[in-house]
Ligand SMILES: C[S@@+](CC[C@H](N)C(=O)[O-])C[C@H]1O[C@@H](n2cnc3c(N)ncnc32)[C@H](O)[C@@H]1O
């Protein structure tokens, strides 16, 4: 799994870039552009002329806006496929209504339905897979997404943006709680909220829910992802198993990436002096710099002094890192992201018997240099990896996640008990002997599972991670693993494992696998595939493609989906890791 968006506590590098601006209004903190009106003394003819001109300008702006929206959508479709909310909208408005909107053209599909600041009273019908409450607008042809509210609640919300067939709004207040009777299966428990920033930070979504409820919601997100994105006959998809829980539900996050922007006063001064050196005396020490995460419903950064899902060690180091940014702000050209990685001080400092819920049980330190090594241990396997490269961010759940993958490989590589000795022997022959770990990072799956196989090969695009994967094999005395730097699909040209005896683990970034990879995977035709992913939607899409095999119509179906389940690597957030096991058909 990974965490870009999975890095829910991490804001996007530039929060302004994430949310399209509405109209041509001023950005936060900037003065509005002045509209001068018609020239003094102009007559009625001139007025009519200028209003025609204004209308033409407006039409041009609208055409431009629609063009940009369409381009944005094409980019998203090409990168990660349809947005999950599109399926909610389809179900909430009904296929007929959606068809009629689409038939009316882009102006309706990407309508600026509500102007910014419009307040609406809404009844929340369901949760989106991103944890927002979804309600139908009174017109019945539009959906509104509101964070921090639950099905059955009547809320007042303020619109801040319009997207395709839906608007986004901030929660203003809960007007009426969900009825006790329980058409509201998800119970609000505000007393559980631990973080003082919960109502204003975009990082977590579910602190007001019991942990069991969070796990059930995530199970449903996985179920829906496979139902909507795999494009398979529902009979081919087994029901989603219960979500693997995280032993720590707070203080678990071993990587934090708070962000900052250059404050408005500094940008303004730089503009005024137009690149001339700004006297350092201009920057007083008390320039207010927010260092934190994206503000919920805003474009700016929310100043965060502590994060309740980060480890105690990271929270201990955060004040000093924030202070460094504040003191050095004048030396930054642009905003940036600060890296804090929690690293074991030594491989011996992970003692299971000391596990407590505040995360302080591990003797750890914080690493901020991207190139420096970070130490982790999963059961008995030790890992050193570069702080700036990928490593799973919740160490408490890794033994369960790895344990589940191990159990699945053993289960499906072991001969089925049978009286027929010949069949048993042939099954035994098929038992997995070789492991391909595609997108292997610094070797998490390869090295933790190497004892199950005769030979293991990992491939990974980051040279740095590969260097560490090789060192990690040595560190653990593992001699049957080799690691290659390159594109995931390169591995197929470089290994010659017999398909009947090979298991492939896939753990790609959020965008999933590309077609070249899947084509070559199908050519290798491995016995077993374990697909782990931080984006269950692209995972389901890829699994659909793998199951359908080489023919688009699925006539040559090659694989059966044996199991699908989520793992909760990010409690309190909407993120869920998917684990799907596929076996080649006999
Ligand atoms: C979700 S991480 C998984 C890493 C590893 N399996 C783990 O659990 O630590 C995805 C990894 O894929 C790598 N990656 C991204 N694109 C790749 C590509 N085209 N080919 C190979 N590796 C790629 C990233 O550098 C990252 O380490």
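Backbone N, Cα and C define each Cβ position, glycine as well.
As recorded in TrEMBL, the features of this protein are as follows:
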- 113-173: domain 'TRAM' (DOMAIN)
- 392, 439, 460, 507: S-adenosyl-L-methionine binding site (BINDING)
- 534: active site, nucleophile (ACT_SITE)
- 534: active site (ACT_SITE)
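Distribution of TrEMBL features across the structure.
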residue	record	Cβ neighbours (10 Å)
392	S-adenosyl-L-methionine binding site	25
439	S-adenosyl-L-methionine binding site	25
460	S-adenosyl-L-methionine binding site	28
507	S-adenosyl-L-methionine binding site	26
534	active site, nucleophile	25
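Across the structure, residue 534 (active site, nucleophile) and residue 392 (S-adenosyl-L-methionine binding site) are spaced 10 Å apart at their Cα atoms. Looking at the domain 'TRAM' (113-173) alone, the prediction's average pLDDT is 96. Residue counts of the domain 'TRAM' (113-173) by helix, strand and coil are 0 helix, 35 strand, 26 coil (DSSP-based).
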